[in-house]
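Here's what TrEMBL has on this protein:
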| type | residues | note |
| --- | --- | --- |
| DOMAIN | 44-368 | domain 'FAD/NAD(P)-binding' |
| DISULFID | CYS81-CYS86 | disulfide bond |
| BINDING | LYS90, GLY154, THR183, GLY184, SER185, ASP353, MET359, LEU360, ALA361, HIS362 | FAD binding site |
| BINDING | GLY220, ALA221, GLY222, TYR223, ILE224, GLY225, LEU226, GLU227, GLU243, GLY312 | NAD(+) binding site |
| DOMAIN | 387-496 | domain 'Pyridine nucleotide-disulphide oxidoreductase dimerisation' |
| ACT_SITE | HIS485 | active site, proton acceptor |
Amino acid sequence: MAMASIARRKAMTVFSSSSKHLCSGTKYSWILSRGFASGSDDNDVIVIGGGPGGYVAAIKAAQLGLKTTCIEKRGALGGTCLNVGCIPSKALLHSSHMYHEAKHSFASHGVKLASVEVDLPAMMAQKDKAVGNLTKGIEGLFKKNKVNYVKGYGKFLSPSEVSVDTLEGGNTVVNGKNIIIATGSDVKSLPGVTIDEERIVSSTGALALKEVPKKLFVIGAGYIGLEMGSVWGRLGSEVTVVEFAPDIVPTMDGEIRKQFQRSLEKQKMKFMLKTKVVSVDTTGNGVKLTLEPAAGGDQTILEADVVLVSAGRVPFTAGLQLDKIGVETDKAGRILVNDRFATNVPGVYAIGDVIPGPMLAHKAEEDGVACVEFIAGKQGHVDYDMVPGVVYTHPEVAYVGKTEEQVKALGVNYRVGKFPFLANSRAKAIDDAEGVVKILAEEETDKILGVHIMAPNAGELIHEAVLALQYGASSEDIARTCHAHPTMSEALKEAAMATYDMPIHI
Ligand SMILES: Cc1cc2nc3c(=O)[nH]c(=O)nc-3n(C[C@H](O)[C@H](O)[C@H](O)COP(=O)(O)OP(=O)(O)OC[C@H]3O[C@@H](n4cnc5c(N)ncnc54)[C@H](O)[C@@H]3O)c2cc1C
Ligand SMILES: NC(=O)c1ccc[n+]([C@@H]2O[C@H](COP(=O)([O-])OP(=O)(O)OC[C@H]3O[C@@H](n4cnc5c(N)ncnc54)[C@H](O)[C@@H]3O)[C@@H](O)[C@H]2O)c1
């Protein structure tokens, strides 16, 4: 019966009424009434910003037959994610993990090495190669899909005209019926902490340090702080993370977060929670930090070689001249959009990090596709409740849906099923068994509400759970689905069994 319910729900849930961006929309009929270009030089769609939101929107628009131009100021496509974010950080996470494994784990697998050394320039070169290949790949996709690419800084002259100061030094004006703002985000600065990208670095500087700092101080225990802290910690830095909040990664399920913090502490990462940085002094050789409890109290002075500022990111709209056309933003500077990504100015849309919602590349991509589908008169679909989050440390932590704290706050009766990787045969076979799968399901219906995984490859394992949530599956649906043996995925099946019944292997 459970299997049948998967198919039944499939039809119901993908385009369910709870989906965020599905409006039949007479209210927004002006979007379509602007029409598409017809043989003039005008574009159907102009996209400002070539990051995961912008470049994906541009390609999709072209695939839908719309004449499309993408304007990007950095001289390379892929945005923050490909150039100074997701890709270079994952390259360094992988390289530093290999070094750490070679140094600390290979011998227990019977692989003996005379010596293991870090060659930082070679590590950086491998990262740069990965970035270069991928950004050039997007240029290739633009050519293949006939997206016009303008390299330069875009600013609005009117709701249908964008002036571009080109990287070659000239200026050109691009016209379009529909304009999508996909200008992304930038690092959030802290008062009294001036980023010089050498001793006080943002994530961009932390991805390109010339030597391994002896002491690295990280401000903010979020995604960037923990990922980049892991990279440099594995390469030999003493890493201390200061966090204003009482917990690391505030969006994570509390129980998983505690286990995760213990795991990072075992890797020698130190945490100072409920603490704030009062000032940073760079007049001497190193950096002197004055710290204070978040609630006030005695100050402490610490020294570090490098300080990473990773206290969040803010939407980036500088120089766009939004005020000229009257686009509304909220107090945080995020562009306000309706369920179809339309701003208050007819014909102007916004997607990705520059609008409210999770600041994640895959969310920006989904926004981009849905936005141009609406522009083309089709239905688009993005559900922010179904956007997975992954912290790419070792082990990784991945999650989708509600945390236990959120389920409790909703007053829903629920069950919890857990399964540790210590009881998973594949994890034991490869001697990498730290972690757990935790599933939350509604007691009455068994419908899955949230899935939280800490495991070496949690970022891959989570997608079965995302699909299950998206299709409204029950824990029994997952438990009765055949999983290959021996795989880490079997831990998800066992956790599902533990949710509505009993697991076999523990
Ligand atoms: C260190 C780091 C690691 C990250 N890792 C991950 C990860 O592993 N997974 C994940 O999902 N997310 C990750 N992120 C977040 C991810 O990078 C962003 O969510 C994503 O890039 C947002 O995409 P976007 O298209 O909205 O904006 P962006 O990628 O910021 O792209 C916006 C682009 O617009 C351009 N632009 C801005 N203004 C103008 C203008 N006026 N004219 C022309 N061009 C303009 C910018 O140059 C930029 O290239 C990471 C971020 C950082 C900093
Ligand atoms: N793996 C990924 O998907 C990934 C990786 C890196 C970045 N990102 C994205 O980039 C964004 C930015 O990353 P981030 O780590 O800078 O932000 P974040 O929002 O993930 O974490 C920032 C942390 O800094 C803390 N903080 C804020 N002000 C502080 C202060 N004054 N002192 C001490 N702590 C302070 C916050 O409480 C929070 O825990 C994230 O929102 C995330 O969406 C994602």
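Easy rule for this one: first residue shown is 1, then count along the chain.
The backbone N, Cα and C atoms fix where each Cβ goes, and this holds for glycine too.
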| query | Relative to the Cβ position of GLY222 (NAD(+) binding site), how many further Cβ atoms are located within 10 Å? | reply | 20
| Conformational class of SER185 (FAD binding site) under the three-state DSSP mapping | strand
| note | One should report the C-alpha separation between the residue listed as 'active site, proton acceptor' and LYS90 (FAD binding site), rounded to whole angstrom, as 28
| remark: Checking the binding-site residues THR183, SER185 for other Cβ atoms within 10 Å of each Cβ, the smallest tally belongs to SER185
| query | Do you know offhand how many angstrom separate GLY220 (NAD(+) binding site) and CYS81 (disulfide bond) by C-alpha? | reply | 19
| task | Write down the Cα-Cα distance for ALA361 (FAD binding site) and LEU226 (NAD(+) binding site), rounded and given in Å. | result | 18
| task | Just give me the nearest neighbour of LYS90 (FAD binding site) among the binding-site residues GLY222, ILE224, GLU243, Cα to Cα. | result | ILE224
| query | From the Cα of THR183 (FAD binding site) across to the Cα of GLY222 (NAD(+) binding site), what is the distance in angstrom? | reply | 22
| From SER185, GLY220, LEU226, ALA361, HIS485, which recorded positions have a C-beta atom under 6 Å away from some atom of ligand 2? | GLY220
| query | Which residues of the same chain, at least 6 positions away in sequence, have a Cβ lying under 8 Å from the Cβ of GLU243 (NAD(+) binding site)? | reply | GLY220, ALA221, GLY225, PHE271, MET272, LEU273, LYS274, THR275
